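Trainee: Attaching a single structure in structure tokens format; questions to follow.
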Amino acid sequence: MDGEDIPDFSSLKEETAYWKELSLKYKQSFQEARDELVEFQEGSRELEAELEAQLVQAEQRNRDLQADNQRLKYEVEALKEKLEHQYAQSYKQVSVLEDDLSQTRAIKEQLHKYVRELEQANDDLERAKRATIVSLEDFEQRLNQAIERNAFLESELDEKESLLVSVQRLKDEARDLRQELAVRERQQEVTRKSAPSSPTLDCEKMDSAVQASLSLPATPVGKGTENTFPSPKAIPNGFGTSPLTPSARISALNIVGDLLRKVGALESKLAACRNFAKDQASRKSYISGNVNCGVLNGNGTKFSRSGHTSFFDKGAVNGFDPAPPPPDPGLGSSRPSSAPGMLPLSV
């Protein structure tokens with residue numbers, strides 16, 4: 001209205017009609033504005049009621065959400081505590097498992113070392129077993145040789161016994177011959193003094209007496225000895241068919257000495273064989289005891305191969321008979337404490 005220019009009126013009627021028309025126009029616009037205002041107020045009231053309802057719903061929803069949020073916070077706190085507890089337990093379990101793993105690895109290493117030691121001990125035992133088998137085979141071979149030698153020596157011992165009987169018989173006969181020879185010599189001296197012209201007759205009588213004494217032995221001889229050794233009548237030197245000469249007596253004494261030396265050599269061989277058999281038996285028991293102890297031992301002890309020393313007859317093994325010791329002049333020859341040719345045998 002202020003901005004509008006008021007036109008110039010020529011008359012009062014025009015001015016009145018103008019202002020009347022303008023008032024009606026403003027009245028109509030006022031009426032429209034009031035209707036719009038009423039309509040706007042009604043719409044705003046409806047909108048306010050709707051917004052209030054929505055606000056109530058939003059507040060209720062907000063309260064519910066806050067309650068849910070608080071509940072979720074509590075749950076989150078509980079889950080955090082539970083997670084921390086689970087993490088602590090898991091850490092403890094992991095640390096325990098790591099310790100167990102380290103201990104298991106250490107035990108595994110120890111078991112590997114123990115297995116290697118057992119393998120080495122097994123190899124040592126196998127080598128010792130092979131060496132023991134070889135030594136046992138050698139021992140069995142030597143034992144068989146010793147048994148054969150022992151059987152041979154037993155046969156020689158039986159022969160020695162028969163020789164001892166014959167030697168004793170020959171000694172008795174030689175003693176009787178010496179006594180009778182002394183008697184004959186005394187008788188010859190007496191006869192020479194009494195009758196020096198008949199020496200041949202006395203010699204013939206003496207030879208006949210010597211032959212008679214030789215035909216009758218002083219000691220009885222067994223049946224087996226009579227079958228083995230010839231009697232004085234069957235000696236081809238002429239003891240039973242011709243007079244006993246001094247050379248024949250000397251040869252008989254030499255035979256007796258040779259027999260005594262053979263008897264001494266046989267006794268020394270027999271003593272060596274008995275010592276060897278005893279030592280080999282003790283050695284065999286010692287070896288079997290060592291083998292059993294080495295197999296049953298669980299701490300890896302090794303088999304000792306230099307713990308026992310025995311003796312064997314070098315002459316028996318090599319087939320060489322050493323020279324016998326000089327015999328005693330009597331019948332019984334002393335048995336040596338250690339036979340010749342004995343050497344230490346290490347196993």
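Cβ from N, Cα, C; glycine included.
Computed from a predicted structure; not experimentally measured.
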Trainee: Looking at 14-33, 114-133, which stretch does Swiss-Prot describe as region 'Required for interaction with PAFAH1B1'?
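Mentor: It is 114-133 that Swiss-Prot describes as region 'Required for interaction with PAFAH1B1'.
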Trainee: What counts of helix, strand and coil residues does DSSP assign across the region 'Interaction with DISC1' (241-280)?
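Mentor: So the region 'Interaction with DISC1' (241-280) is made up of 35 helix, 0 strand, 5 coil.
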Trainee: How many other Cβ atoms sit within 10 Å of the Cβ of CYS273 (S-palmitoyl cysteine)?
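Mentor: A count of 23.
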Trainee: Across the region 'Self-association' (56-166), what are the DSSP residue counts per state (helix, strand, coil)?
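Mentor: Helix/strand/coil tally for the region 'Self-association' (56-166): 111 helix, 0 strand, 0 coil.
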